[in-house]
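**Student:** Got a structure here, written out as structure tokens. Questions coming.
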Amino acid sequence: MESIVDKQAVKHFLLQLQDKICQQLEATDGQAQFIEDAWQREPGEKLGGGGRTRVMREGAVFEQGGVNFSHVFGEQMPASATAHRPELAGRRFEAMGVSLVMHPKNPYVPTSHANVRFFIAEKEGEAPIWWFGGGFDLTPFYPFVEDGQHWHQTAKNICAPFGSEIYNEHKAWCDRYFYLPHRNETRGIGGLFFDDLNEWSFEQCFAYMQAVGEGYTQAYVPIVEKRKNTPFTERERQFQLYRRGRYVEFNLVLDRGTLFGLQTGGRTESILMSMPPLARWEYAYQPQAGTPEAKLSEFLVPREW
């Protein structure tokens, strides 16, 4: 039996999720608050819809971060999307999601990213084509094994009710996706990543997306609380800025969401919200052997946690 697709329930959940995550991150920071920029597409634009971009700046813990909700729709998919999925041609579509990136001030606190999204393409008289996607991943500068274990154990616990292989599959997908081939390293220590999820019933797929979205703060906040008061010097700060450069490289060169958004006339400020406020590059930099900075490379390969 075809399950009922409830777009409104998904949108309601995503708006609540944005509120909840912002509240939890504000409590963790203890100083700064998210400033909301609500936006709407102009009439006559290719895409309709709008969203709520929320940005935190110069907090006690977070140097900058953003939690974005968007819901956009159009009469037909861009050619770049239908080239790979011809069944989407001639269908009106809607895409909605919450995406976030948090860039902490303290180099001992990892950067984190999370995203959950829903896509549906509809045509009169035909069954809708829909899927869910999402995940979360962690990018430490000074990694701790116990933090990685907590992050991945939380991910395992989220996946367990949905099947014994889900964690392994979505963890491996995350390792493959957040990989910089020109640097031969992963962006961080991974987590979960999934896309095109529609093989279960709508209810089951939606439940998994909800679990991943709500699991992000369970995975991240305890690590932030543990590391946010660690003393650091200018050396660690400079290394953090250098490593943020890799984050920029991934987002601008490789990230499908960023590229799709910019190529299809998405809202540029919201798309580039994920960028760090400061980053640096240094020609042919190599950390000295035996230093904490050199240790990071051991973590930037897929591993079992």
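Every residue gets a Cβ built from N, Cα and C, even glycine.
Sequence annotations record features per position, and here Swiss-Prot assigns substrate binding site to Ser99, Asn115, Val116, Arg117, Gly265, Gly266, Arg267. The feature divalent metal cation binding site is assigned by Swiss-Prot to His103, His113, His152, His182, with sequence analysis given as support. Residues or ranges marked as active site, proton donor by Swiss-Prot: His113. Annotation comment: Swiss-Prot describes His182 as site 'Important for dimerization', evidence class sequence analysis. The region 'Important for dimerization' annotation in Swiss-Prot covers 247-282, and the record cites sequence analysis as its basis.
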**Student:** Do me a favour and check the Cα-Cα span between Gly265 (substrate binding site) and His113 (divalent metal cation binding site); whole Å is fine.
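**Tutor:** Cα of Gly265 (substrate binding site) to Cα of His113 (divalent metal cation binding site) measures 23 Å after rounding.
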**Student:** With Cβ-Cβ distances below 8 Å as the criterion, list the same-chain residues six or more beyond the ends of the region 'Important for dimerization' (247-282) that contact it, or say none.
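**Tutor:** Same-chain contacts beyond the flanks: 37, 39, 45-47, 51, 53, 55, 57, 63-64, 66, 68, 70, 72, 78, 80-81, 99, 101, 103, 111, 113, 115, 139, 178, 180, 182-183, 187, 238, 241.
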**Student:** Taking the Cα atoms as reference points, how far is Val116 (substrate binding site) from His152 (divalent metal cation binding site) in Å?
**Tutor:** 18
**Student:** For His103, Arg117, His152, His182, Arg267, listed as binding-site residues, tell me which one has the smallest number of other Cβ atoms within 10 Å.
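**Tutor:** Ranked by other Cβ atoms within 10 Å, the binding-site residues His103, Arg117, His152, His182, Arg267 bottom out at His182.
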**Student:** Translate the DSSP assignment of His152 (divalent metal cation binding site) into the three-state scheme.
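**Tutor:** Going by the DSSP assignment, His152 (divalent metal cation binding site) falls within a helical segment, counted as helix.
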**Student:** Any idea what the model's mean pLDDT is for the region 'Important for dimerization' (247-282)?
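**Tutor:** Averaged over the region 'Important for dimerization' (247-282), the predicted model reaches a pLDDT of 92.
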**Student:** Considering only the binding-site residues Ser99, Gly266, Arg267, which fall within 10 Å of His113 (divalent metal cation binding site) when distances are taken between Cα atoms?
**Tutor:** Ser99
**Student:** Rounded to the nearest angstrom, how far is the Cα of His182 (divalent metal cation binding site) from the Cα of Arg117 (substrate binding site)?
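**Tutor:** About 28 Å separate the Cα atoms of these two residues.
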**Student:** Using C-alpha atoms only, work out the spacing between Asn115 (substrate binding site) and His103 (divalent metal cation binding site) and round it to an integer in Å.
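**Tutor:** The separation of the Cα atoms works out to 15 Å.
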**Student:** Is it possible to get the count of other C-beta atoms within 10 angstroms of the C-beta of Ser99 (substrate binding site)?
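**Tutor:** Its Cβ has 22 other Cβ atoms within 10 Å.
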**Student:** Using Cα coordinates, what distance in whole Å links His103 (divalent metal cation binding site) and Gly266 (substrate binding site)?
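**Tutor:** Gly266 (substrate binding site) has its Cα 23 Å from the Cα of His103 (divalent metal cation binding site).
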